[in-house]
Amino acid sequence: MQLFNSIIDYLFRSAAEAGPHDILKLYNPKGNIINISPRLEPNTPTSCYKLEVVAADCSSVELAVSLGFDLSSMEKRLQGLEKKILTDAGETPAVVYEMKRQVESFREKLESVEHLSWLGLFKDLSEGTQKPSPFYHKTTLRKTREECEHVREKFLQMSTLEVSEEVRQYLKTPTFDNWQWEDAEIMVLLQVMYSDLDFIATFNIEPEVLQQFLYEVYKRYNNIPFHNFKHCFCVTQMMYGLIWLTDLKSKIDSIDLLIMLTSAVCHDLDHTGYNNAYQINARTELALRYNDISPLENHHCAVAFEILEKNENNIFRNLTSEQYKRIREGIIKCILATDMTRHNEILNRFKSILPVFDFGNKDHRDVLMMITIKVSDISNEARPMDVAEPWLDCLLQEFYNQSDMEKLEGLPVTPFMDREKVTKPSSQTGFIGFVLLPLFIELANLFPCLEQHIIDPVKKALAYYTEMEKALEKEKLNRAQADKTAPAKTKDTPQQNQQNTADSLSEAMVAPKPATF
């Protein structure tokens, strides 16, 4: 198989006139990036693939000329300098070993595709637009007026279009791929959810008011790596899917379903990418305003009702004051439940009532609504890996940003956010094992049909990250053992040192093998 893959790789590089270390991308006739694999359908005269060289080998003659020097000559010169040190000093100084170690470490970081593993050469991909880089940063935290107006115009143009039955059914599943949809399209899909759950007819919600509400919500989600408008959609879409999968429409009132869906839409409004611990330690305006009690969640609620306070945005404006009071109370309860410091409290309440759960009991329903939004909020690992893994990269980027800021400001550094201590697998194994699975299992105890939809995928994700963590630990151990033997090399004879250096240089010049997972 490895030989066959090598042949495939050679054929594609030949077709693109690419070098052995150039990076290729393949697009299908729709313009979507797809995987280069032996399972590709053949070209046809009316349906052709597009092959593109997106990064060239830096050792090419053209690049060397453009940079103004001959790379091969410089490499020879560096080797000559190292040999001269060996001759003059009799042994390689420790500082040279340290410099080589740092260079090697940096080279490995550049070559690593761990954070881009959903684009691996032979890994199956769903056909859709390319996932955005989790390390992409917008220039401003708040959306610009031009950005918002552009999305609004597209949304209004599409809002009256009929969404196909195929998309409507897909929208009800946990396997839905959010990365295929732009913000304006996402707003259309949110509109579909309100329509298909009969909220528009039941609560007399005017379509133009719903559209204005969704647009204002979109505006108030910020340009940050994780807690953005797409995250809002993912949580809402999972909530929507859970409602259909568990047939909640036949078990609880429509007004409770309206509370659940709208809570998901609003649950992270105006999140700035820094969690409650930071807000409290930094004594931010939010922490001071809410006396260190769930500052973010209280703020998300306040922004939601600030939007609803304007008549043109108020999707509840045709309800009675008693209905509005019930909705407001329910939304506040649901959004405040997403504060992870209350996780054990809420989960234990749910476990205590589970043996005697009664859908006719308001207290029981309230706890169920809180559990459901909690499950939806942290449900990415229940999705297919090529959907979930990019979200993890986005989350880690937001975590790292916070820990960097905490270090700069001299605040306590949140341990699970420290880029020097946390890796992708280590961040997930504990979280999945001790938070996700216990929570998901309890909801599945009430609704056994969820086992295949949210429990099985999460178990697979846990196995995936456990294996990745073992591999990284093994590599770390190998490095530690190699470092222990490094000082012994300095005691070799000059001739042995010279040979060791030549050997290491030869190894460094060998083209690296692609990382696989």
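Any Cβ shown, glycine's included, is placed from N, Cα and C.
The active site, proton donor annotation in TrEMBL covers His227. Long-range neighbours of His227 (active site, proton donor) (same chain, six or more residues apart, CB within less than 8 Å of its CB): Tyr221, Asp268, His271, Gly273, Glu398.
Residues or ranges marked as AMP binding site by TrEMBL: His227, Asn228, Phe229, Lys230, His231, Asp268, Asp377, Gln428. Taking Cβ-Cβ distances under 8 Å and a sequence gap of 6 or more within the same chain, the neighbours of Asp377 (AMP binding site) are Val235, Ala264, His267, Thr338.
Here TrEMBL flags His231, His267, Asp268, Asp377 as Zn(2+) 1 binding site. Taking the Cβ of His231 (AMP binding site) as centre and 10 Å as the limit, one finds 22 other Cβ atoms among all the protein chains shown.
Every protein chain considered, the tally of other Cβ atoms within 10 Å of the Cβ of Asp268 (AMP binding site) stands at 26. What TrEMBL lists as Zn(2+) 2 binding site is Asp268.
Residues annotated as compositional bias 'Polar residues' in TrEMBL: 493-504.
According to TrEMBL, the domain 'PDEase' annotation covers 144-472.
The region 'Disordered' annotation in TrEMBL covers 476-517.
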Other same-chain residues whose Cβ falls within 8 Å of the Cβ centroid of His231, His267, Asp268, Asp377, the recorded Zn(2+) 1 site, in sequence order: His227, Cys232, Val235, Ala264, His271, Thr338
Which has the fewest other Cβ atoms within 10 Å: Lys230, His267, the binding-site residues listed? Lys230
Mind looking up the mean pLDDT for the domain 'PDEase' (144-472) in the predicted model? 96
Looking only at His227, Asn228, Phe229, Lys230, His231, Asp268, Asp377, Gln428, the residues listed as binding AMP, what is the longest Cα to Cα distance in Å? 23
